[in-house]
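Per Swiss-Prot, the features are as follows:
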- 177, 178, 179, 180, 181, 182, 183, 184: ATP binding site (BINDING)
- 370: site 'Required for activity' (SITE)
């Protein structure tokens, strides 16, 4: 090799090395430190993940195919994950990555009128949500000093509730009863009655049958309730993890509007299925079982959910969220584990009797076993005046029913109590999806407490009530406005209303039972 060639090679190598050194110095590698775990096993609704030592409790983890799960059991080497999507395609060894965040859901006004799942995915075929604001599904309940007493009524449109078991804004009122006793119907009627009342509604269906959900959606659509309602749905074939997070996600949506100063009504249908899904997940994750195989924190599961419903004071917007949780009892057993838990958490319960339901007394509310612990303070004066003695009279009637089942001949006073009680029961009956206005309810209750229905045959009670409601239009406008506001009824106005009722009910008047007559079979007699 000649010296010139050797020099050229040296210069070339030197240039190359200098260029590489300059490139190395200019290079700024964009390295990202990332933990990657792997799927160890997959079973019904859960996965065991190995690795991810820095993952936090309830952190959202991402699996292949944009499937997500919640880190629920944090062990030394493994993580028990609640799956939130279709896990059937996952295999052992698949990569799992952290997201660094907890489960959240989109919130905002564009959710009104939509049907979504607990992850914010739309189910109604109307396109994706446009809201960019998100809230975590698990949030601490409002502090005591931010709350205000329950003072405003939430009208359900059902006479038996608004008169005898009143509900206030910010209250938690449990709806309980056996299967097929009309629990969901009461909640849906309450939603329908909020039309034009500036109350937003959130309906959360937890693990319900598709046919049942479709029927409810059709009812809401038929009555134009989607104008003020958000519907969240998990169906029976969804992973139990979605059932678990559904009520928390729905509550976050309600909280968003409550913090804007709005009044919200939220329905959980039902928390029995929610508890069962949580039990299934806990057993699969090998958490220690307790009573009825439920885990030890089952009480906290529902208490932290329902404590988020309240009435905020004016300094925090003055909004409210009223909760109507639904649970299913078995064989009328109100003392089972989940029912007693929820009775102790809530501010009262509405108990639906299968015996009343089988006799066609709808809504099948057992007034004796139902109570509203705080709603009475929110009841308007007009309601309180006309319904004050109803509960006592109804209780006396039911006591006499038990005595009358033996076919005993009753004296005149007992017969009068029976007659009046039967008409109370008839007045409290109400067709599904037909909530009544405040004025209509007060007029009927006023006629009832003044014994105007006692001379009317039971078979004509429905027609008589319709006539009484139709007579409202003949009243002076100021009186109608007072009735709609449920203001205190002055004696002069009451005379005018009673005169109208007497004229409206006169065509329906019939003779009453005489002393010594036997009464018709009763609820207790049918049960006997």
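Cβ coordinates are placed from backbone N, Cα and C, and glycine is handled just like the others.
Shown on the structure are the features that Swiss-Prot records.
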| residue | record | Cβ contacts under 8 Å, 6 or more apart |
| --- | --- | --- |
| 177 | ATP binding site | 183, 328, 329, 351, 352, 353, 354, 364 |
| 178 | ATP binding site | 328, 329, 330, 331, 332, 352, 354 |
| 179 | ATP binding site | 328 |
| 180 | ATP binding site | 354, 357 |
| 181 | ATP binding site | 352, 353, 354, 357, 364 |
| 182 | ATP binding site | 352, 357, 362, 363, 364, 432 |
| 184 | ATP binding site | 212, 216, 269, 326 |
| 370 | site 'Required for activity' | 164, 165, 348, 349, 350, 351 |
### Task
Let me know the DSSP-derived helix, strand or coil state of residue 183 (ATP binding site), please.
helix
### Cβ neighbours of residue 183 (ATP binding site) where a neighbour is any other Cβ within 10 Å
25
### Query
So which other residues, same chain and not among 177, 178, 179, 180, 181, 182, 183, 184, have a Cβ within 8 Å of the centroid of the Cβ atoms at the ATP site?
328, 352, 354, 357, 364
